[in-house]
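Here's what Swiss-Prot has on this protein:
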type	residues	note
COMPBIAS	375-449	compositional bias 'Low complexity'
COMPBIAS	496-584	compositional bias 'Low complexity'
DOMAIN	26-116	domain 'Apple 1'
DOMAIN	123-209	domain 'Apple 2'
DOMAIN	221-725	domain 'ZP'
CARBOHYD	Asn172	N-linked glycosylation site
CARBOHYD	Asn211	N-linked glycosylation site
CARBOHYD	Asn272	N-linked glycosylation site
CARBOHYD	Asn771	N-linked glycosylation site
REGION	375-461	region 'Disordered'
REGION	494-584	region 'Disordered'
Amino acid sequence: MRHPLISLLLLIAFYSTSSEAFVPKCNSFYVRWPRVRLNFKAVAEARLSLKGCQSACSLGEDPVSPGKQLECAAVNHQASPDGFSHLCAVFQPHQLQNVDGYVEADDRFTFYWKYCLPSTRKCSGEYAFTYLSDRYMDQKSVIKWTTKANLEECLSDCLDEKSFECRSISFNRTDGGCHMSKDSQISRPEAIRLNNNPNYRIDYYENNCYNLSESFTFKHECRDNGISVSVKSRLPYTGAIYGLYDFFTCRTEPKEATEFDHFFPYQTVSKNCSDSIKYKGNEMVLEVVLSTDGIEPLYFITPEDLTYQAKCPISGVKAKDPANTKSSAHLDNRNKAMEASAHALFELLSKTGDDEALQNTFPLPLTTTTEVIRQVTTTTKKPSTTTSTKKLTTTTTTTPKPSQKPTTTTTKSPVVITTTTKTSPKPTTSPSTTTSTTTSTTIPPSTTTRKPANPRRSTIMSATSKVAIIVGKDSSFARARLFTTKHPSTQKIDVPTTTVQTSTTVPTTPSKTTATTTTTPKPTTTETATTSSSTTTVTTQKPTTVTSTTTLPSTTASTTTKTTTSTPTSPQTTTTHVGAPASSVASVAHDGSTLAGKPKVPVIFDIFHNGQPVEAVVVGTKISLSFRPHYPIPPEYVDVRGCQVEPIDPKYEWEHEPLFIIRDGCPADGVGLVCPPTHSEFGAKVSVEAFRYQTTGQVQYSCLVRICPFAPCPKNTCDDVEGCDSSYMHRYRRELSLEDIKKALEANPELASQFGISPSAFARNPSKSKNFTSVVEEQQRIALGGDYLVRRRLIVVNSEDQLRYYVRTGNI
């Protein structure tokens, strides 16, 4: 008799074996739905790569809690460029009963549906089939037709087919028809049909167990004038091979070919493939794309497309030989010698005026004196007593010990003052006050005289010459530049007194004021170029006694020195230029009228669709880039020189470079349909096809617009583009003619202010239309003349549903 414990163990083992026998073993195969996202909540979400996400789904594990069982029927995956922020969303079978109403297009996601197939074949890729809804292979390309109970049997038969290579199937969900073919959308894309029959549902599945990278073999050959790339395909291929950034000008479209090639010329030979060839070090790198996803337009790059890099050395680049090395060393020595000579010359110029005496009179009108700025400090063991005797008047001042903090104020904006004095028969005497510094600490009186420490440099010259020498301020050496002017612009302003504030920063030293009188016996014209920086310094001093005997005007010694120069009462002509004139301020013409000023936004850039400004469109939509000057000048004076489109925050590195759509006033064939620039009402426009990048829907258009101020811009002769109006660059008729505008301005001259011109220009001679044309068009064109870089952003979505979602929520 058996032991009861043994019977119990045998019973448990039998039940365990029976339960394992009844559990069906799933051989997981995934069907990919590209660019699809399910818009309902998943049962679990985790940050896993696609391989980890599919592994958890195949094993029936929870991706969040490894080891915990979770039934999985499909996953929605979003790949992240950084390799860490992936998104894996898991769905169970009961959630997939009816997914047709919950599928939305999203380039960021891919949906993978898991099928348990009885096939024993193993696929090396991440998925076995690619799904296309409501499509099927043409009956002429179908080799085998059977009836199956479900989709799983049809997929399994395609994987296990031995008589031919099953590249695709078309499964009829209504009658169970399984149509197998040896062609695919790569070999015969034109054979794929769209199902428009509402009586049955049929879908297309392409077999991806054939590795695409093994199906194509790339080779390239480096030539003197370009790079030749050849491709061999295991199966007949139909598609396109093209340069990454030059689809429209640099491509070949083979039709059911097994061997094909394309020649990519260098930039020095042709510009057709110039954007796809980059220089990296001593090599030229060509980036080639082979379209394998079957998605049109073919220039829309997807991760399924194959990319190939061909590298060739730059012709003419050789290693340095001894002769080249010797010449390079000789050139370096020459450069060093020139630098040393320049430094010696600059040092000599900076020391030129140290030992020269101060010249008080100028006997010749062409004498030019340049003073070198030096700060001189003398330290002795004597008290500081400064005496300047001109008359018998003596003033004694005792300064108490102040205790204040140093305060320094610096004005960075340069001020240039030019003073022109008319000829006077009498000699002119101009007193000038300069400041020097002396430091002392003993008792015997002594007088110390130094050169002026004025931080300004001046040049006095004759009025008969038209050449002005302007000496700029520099801390190490004097630098002179020569300018010639024929017609200087002047403005008459009566300036009886000119006051200039200067200061010298001196640590713990008193100041001494020296009055110097300069007498010019002959009539002269003085032009002074001054660059001033206002600085105020307050220092702490000991009680000192300063004795000064001067004539009026007198200057009291203090830390801050103010110098006042009184000019003769004779009429003067002064031209003052302070910085650059403001662009928004109107200038004054010779006749007193106000000229049109340059506005803050000279060219207005808008994007239109069907005559309405837009900020979001569907990819492939025809839009118009409109450029309108601020003033209503004729469109012949507006020219679009160049345009490019670039993504906003793309995820892939190859998407960062902008694509040109207009170059030198003509289409650049960068991407999509681009028409030549045309004239529009008061401006220009460019009709293009909205382009979208793979990882971002936000793009930016940047264009260079030229306003020709004096004559109509030269016309550009561009080749005709299919899909564009051949009669481009024509001018539209204005709704309001120039005659109507002229009559309105003559009736009410105050309306002229709306054009940025003076109403007095029409009040003087309102009967002449020539005056109107010259004032309105010429002044406004001159005000707007130049090149302007304008930018505009646009959101490009994939479908009308996404566009409605964006309009409703504001999110992409």
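Backbone N, Cα and C atoms are what each Cβ position is placed from, and that goes for glycine too.
Of all Cβ atoms in the shown protein chains, 17 besides its own fall within 10 Å of the Cβ of Asn272 (N-linked glycosylation site). For the domain 'Apple 2' (123-209), the predicted model reports an average pLDDT of 91. Spacing of Asn272 (N-linked glycosylation site) relative to Asn172 (N-linked glycosylation site) is 46 Å (Cα to Cα, whole number). Counting only same-chain residues at least 6 apart in sequence, those with a Cβ under 8 Å from the Cβ of Asn172 (N-linked glycosylation site) are Cys178, His179, Tyr200, Arg201, Ile202.
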